[in-house]
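Participant: Below you'll find the structure I mean.
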Amino acid sequence: QLVSLLLIGIAAWGIGFGLISSFRVVGVAIAVGIFLFLIALVGLIGAVKHHQVLLFFYMIILLLVFIVQFSVSCACLALNKEQQSQLLEVGWNNTNSARTDIERNLNCCGFRVFDPNETCSSDCFRSHQCQPCAPIIEEYSGMVLRFVGGIGLFFSFTEILGVWLTYRYRNQKDPRANPSAFL
């Protein structure tokens, strides 16, 4: 539940401080946070009530989340500089709102080349002394991808531990049905 609340809080913080203006990015972050919160709630209720169906549902969904998260984390850690550069350029060309946010926050204009004839939301555009955004973004992208990949790997292994513990707990006898079963 902590991860889901953290995800929702970071999305709200990004909107509040004007760092993110893309409704898609914020909407996806909030939706994933709510989904994880609901799944954690299902697991909690299943564990408290010792409800076999809820625990099975929680275990299967947690296993699927593990597979997706482990795959994305490995992909983040496996990207080389050339692949990162290509991925950044595709992202730059396909989103206008993210481009505007990046230019405004990093004080740069254009991706590879600064063109004074194009429009830019950066403060340096008025003085025509802007540098392109690609070198600035590429400087941080490798560090961020390693950080995100490492955090993702850590939480993916805690999720597989949760799947294993759910499996073990699900197969135990319900102590309310026969209190002397554990004596």
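Just so you know, glycine gets a Cβ as well, placed from its N, Cα and C.
Please treat TrEMBL annotations as automatic predictions, because they have not gone through curation.
What TrEMBL records for this protein is below:
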- 28-48: transmembrane segment (TRANSMEM)
- 55-80: transmembrane segment (TRANSMEM)
- 147-167: transmembrane segment (TRANSMEM)
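In the displayed structure, how are the listed features positioned relative to their neighbours?
Facilitator: Outside the transmembrane segment (55-80), and at least 6 residues removed from its termini, the chain residues within Cβ reach (under 8 Å) are 36, 39, 42-43, 46-47, 87, 145-146, 148-153, 155-156, 159-160, 162-163, 166-167, 169-170.
Within its own chain, the transmembrane segment (147-167) has Cβ neighbours under 8 Å at 3, 43, 47, 55, 58-59, 62-63, 65-66, 69-70, 72-77, counting only residues six or more beyond its boundaries.
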